[in-house]
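What Swiss-Prot says about this protein:
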- C60, C62, C75, C78: Zn(2+) 1 binding site (BINDING)
- D450, D452, D454: Mg(2+) binding site (BINDING)
- C819, C893, C900, C903: Zn(2+) 2 binding site (BINDING)
Amino acid sequence: MVDVNRFKSMQITLASPSKVRSWSYGEVKKPETINYRTLKPEREGLFDEVIFGPTKDWECACGKYKRIRYKGIVCDRCGVEVTRAKVRRERMGHIELKAPVSHIWYFKGIPSRMGLTLDMSPRALEEVIYFAAYVVIDPKDTPLEPKSLLTEREYREKLQEYGHGSFVAKMGAEAIQDLLKRVDLAAEIAELKEELKSASGQKRIKAVRRLDVLDAFNKSGNKPEWMVLNILPVIPPDLRPMVQLDGGRFAASDLNDLYRRVINRNNRLARLLELNAPGIIVQNEKRMLQEAVDALIDNGRRGRPITGPGSRPLKSLSHMLKGKQGRFRQNLLGKRVDFSGRSVIAVGPTLKMYQCGVPREMAIELFKPFVMREIVAKEYAGNVKAAKRMVERGDERIWDILEEVIKEHPVLLNRAPTLHRLGIQAFEPVLIDGKALRLHPLVCEAYNADFDGDQMAIHVPLSEEAQAEARLLMLAAEHILNPKDGKPVVTPSQDMVLGNYYLTMEDAGREGEGMIFKDKDEAVMAYRNGYAHLHSRVGIAVDSMPNKPWKDNQRHKIMVTTVGKILFNDIMPEDLPYLQEPNNANLTEGTPDKYFLEPGQDIQEVIDGLDINVPFKKKNLGNIIAETFKRFRTTETSAFLDRLKDLGYYHSTLAGLTVGIADIPVIDNKAEIIDAAHHRVEEINKAFRRGLMTDDDRYVAVTTTWREAKEALEKRLIETQDPKNPIVMMMDSGARGNISNFSQLAGMRGLMAAPNGRIMELPILSNFREGLSVLEMFFSTHGARKGMTDTALKTADSGYLTRRLVDVAQDVIIREDDCGTDRGLLIRAITDGKEVTETLEERLQGRYTRKSVKHPETGEVLIGADQLITEDMARKIVDAGVEEVTIRSVFTCATRHGVCRHCYGINLATGDAVEVGEAVGTIAAQSIGEPGTQLTMRTFHTGGVASNTDITQGLPRIQEIFEARNPKGEAVITEVKGNVVEIEEDASTRTKKVYVQGKTGMGEYVVPFTARMKVEVGDEVNRGAALTEGSIQPKRLLEVRDTLSVETYLLAEVQKVYRSQGVEIGDKHVEVMVRQMLRKVRVMDPGDTDLLPGTLMDISDFTDANKDIVISGGIPATSRPVLMGITKASLETNSFLSAASFQETTRVLTDAAIRGKKDHLLGLKENVIIGKIIPAGTGMARYRNIEPQAMNEIEVIDHTEVSAEAVFTAEAE
């Protein structure tokens, strides 16, 4: 076997007949498979042991030679080589075809490669190949045109006219093969290059296409006649198996049927040729053979597919590769693995952050080999077999051994769908009783798991390296931050939030208020014995907490706090300030002075002078975690999170908060608000009936009225709410529910959506406490049903988007430290009209500067060039009033096949500079795809007014951007830079004309009458600026402006969609994706290079080709940038393996074979496919020193010779 990890590259070419013969171990002559009585393969059949190898290890067919000692012997009786049965997966056979047959991929694909090579139309080819017409091969001295078609009748007439043998014309694949042999590649290419100089329009396009194919043949060394087969390879029998079912029947692969048809027809043709049968019969047989081979290679590509029993189309060789069930996606990109299991998950509140509970019976099965090894080592059993029996019997001693084995042996837990890399994390197993896996509650958010019946899979990393990687890189305690935005992903939720909220509440006049305690223990004792309440404000000696970072004026004093806050601060990391108020000032700058007693001051006096603080909510806990992470990194943070979790659970249990119907308040003035709304609606309808407004206006006014009524109820609800109400506490703390849930319980349900997505005018006036009427209930079902279907559709759409994103960016890896580029990206805050989508501070964090940043007023240098901008630095730059900064960006990175560390910045998942080898492309794809399900599906209608202002939003808009489609509601853009001098309206054509005066001339733009204008007369506009509202078409922008403008525009557009839905994504992720869409250029004029006009190629390859020419003093080629959608960009990748496993498998492989493409295995997918370690992370060459180095070689210091006698005498003495 070839060692896969030593592969340099992989090439695919057309197979020549001699190549096929060299693969083959013998010819398959009979269509038989297995003898149904003896169940032995038939001789010379499709499963023949002589050709393909023995069916049993080390045993020939007749049984003369058995055992491994005869290895390599060929049996003299049955002719079978004694070897492993595994060779039946590797050895191929062949069929000698009695007539040439065309390969359907090259004849039928689009464009038809055969047609382009011969300059014949696919229709003409089809007529010749399927024996409907003759083609003139050599006209000799007759006036016939070469390659012209003749019908049967014309052929006979011409023969009579010019005499037999006066010209050569044939039909069938044989004729095509003769024509292909006659193609003189060099001459044709030279001729086409000449033609290109003058041709234009359709003619030019056709010439470029032909030149492309002929050039591919010329460069790759493939011969065009190999597109016609004279010999057909037969794939190994174990790849098209035949298995016996229970009833004695056989289940066989469809390929066997297809091969059988080919062999039958081939043998019949051979017989007919022997018998010198009439031409028409032979022709018909040849045509049938052609169709049989077509069906074998790609069934259904031409004509109706050949069907098996139950009219099911048979699966041909092409179908074996295509689609989700094909070889690529089913068996190569993802495989089922051993040492795995799955079970339902349950909550494990007592686990540490890095632990998971594994049921005993699951663990013993997963770790069986390890346990068996230990049993033998401890000599409880003599050999492995006995050890295995011991485990299977369930001997008492195995449990202790299991405990030892799993210590420090991490396992991986995965929950489907794995939307981002946090969907697989490593834990240390803890043995538990029961049958459910136990999961730590804080990692649920990363997995998006809950305990309503979710299942998870568990995997065991086997090798030492795999265990080390799981422990160091994948341990759950390490994944505090979300890779998409760098915010903590392990924030407490639900009960934990509620417990800490209740704990940190304050209340005036509760029992024990004003007591003073010497330390925490005394305060807790008072609380436990009922002398002080959790919420009562008490004093504590500051000196009892010496490790806290007190200011000097605060030491040795008494501080006012609550018993709950003493407990809350007790679990905080020691260097964090004592938290009194849920705000950032207290967290970063220290405890405010107002809580400390001056000497001799009365504590009650201080308490009365203080406001009651609001408790700590979910958001505040998130900020505390982020700050903890910033200061102390992962280990301390995960320990702190466990303490926070335990405290939260403990106190939410103690608080005993419950919800009953009485907890839902009644709004006193609900009737008044609703009556007023009814009255207003009546007025609007009256105005409409009088003709004072249009129906659209009336609809908008009515819906607005009801919306305002609902908001008025909501406002009243908030004003009158009791902070001690359990529902209010849940909502306010962020544990569960929000104001809109609350207002549906206590206010009114409000307006509902109709099935068509339009808002209905009749609102639901009741709330859930009062209960809905039958009609109201019916109205509310429309929206609910639409919500369910939308979610289902959205999930599939979002998953497919993620797949395309991963595919286009999978080979983007951090490849070097610094690419040394001199370009940068000028960034400012992203705004949408007046609203800021993303602030400059957010955009600067974690990036490197390109130029130094100076204070706009004082001119002092805030930060030098090529420096990392930290969170504090970003704040400092923005506070100084800087509005734009030039940073290093993925857009301008000069690294080939990836990005450099400086252009990327920090790794958001760790908060440190990114490492070389990080697969940033895949992470970017996951970060953009994972929130896809949260985006809405709908297209917004602006209040039913003119439809051309409809804006696509949510998921469809993201797809529109990444696929570079023409947007709906497209904006008109200007091509000239200058001033808007006039906007004139033309009522007759219902359009407006916008005139822009530039330096070189006047631009005139026609805009629809209903479009909303973005510019006014006198405005200064830049090239590519939008004149009307709407989305700009990116391809058009690329023509008018440059690549960087398009990249910046696309980045801003993606961010607008996500931010509007409250999803934060780091800019760099979008940058990685957009850069992949613009990595190709199209050659316009080849100059002196040997590039072909119209070719799509990578920018780096193009610059290389030009570099050589410029050095030698020639004319360089010119090109223009191309914007490709992600699907197209994936298929245009340089790796044919990656493209073939994505979509359009046969087309990609056909093209790659003709070009003799080499896959240099740079990306992740192609390496996974061939089973090589991926070139990212620890798999990068720089981290894997494959050549063994003797680490502790014996050092020879001095070479001394000693005689034997000398030694013995020395010992004797």
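Glycine is no exception: its Cβ is also placed from the backbone N, Cα and C atoms.
Not measured: the values here are computed from a predicted model.
On the structure: features taken from Swiss-Prot.
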residue	record	DSSP (3 states)
C60	Zn(2+) 1 binding site	coil
C78	Zn(2+) 1 binding site	coil
D450	Mg(2+) binding site	coil
C819	Zn(2+) 2 binding site	coil
C893	Zn(2+) 2 binding site	coil
C900	Zn(2+) 2 binding site	strand
Between the Cα atoms of C900 (Zn(2+) 2 binding site) and D452 (Mg(2+) binding site), find the distance and write it as a whole number of Å.
44
Excluding D450, D452, D454, which residues of the same chain place their Cβ within 8 Å of the centroid of the Cβ atoms of the recorded Mg(2+) site?
I345, A449, F451, G453
Check: min Cα-Cα distance from C60 (Zn(2+) 1 binding site) over binding-site residues D452, D454, C819, C903 goes to D454
To the nearest Å, how far is the Cα of D452 (Mg(2+) binding site) from the Cα of C903 (Zn(2+) 2 binding site)?
44
Within 10 Å of its Cβ, which one of these binding-site residues (C62, C75) has the largest number of other Cβ atoms?
C75
Of all the binding-site residues here, D450, D452, D454, which one's CB has the most other CB atoms within 10 A?
D454
Spatially speaking, which of the binding-site residues C78, C893, C903 is closest to D454 (Mg(2+) binding site)? Use C-alpha to C-alpha, please.
C903
I'm trying to understand the geometry here, so how far is the Cα atom of C819 (Zn(2+) 2 binding site) from the Cα atom of D450 (Mg(2+) binding site), in Å to the nearest whole number?
45
Near-site residues: Zn(2+) 1, ref C60, C62, C75, C78, CB cutoff 8 A to centroid
A61, G63, K64, Y65, D76, R77, G79, V80
Most isolated by CB count within 10 A, of the binding-site residues C60, C78, C893, C903, is C78
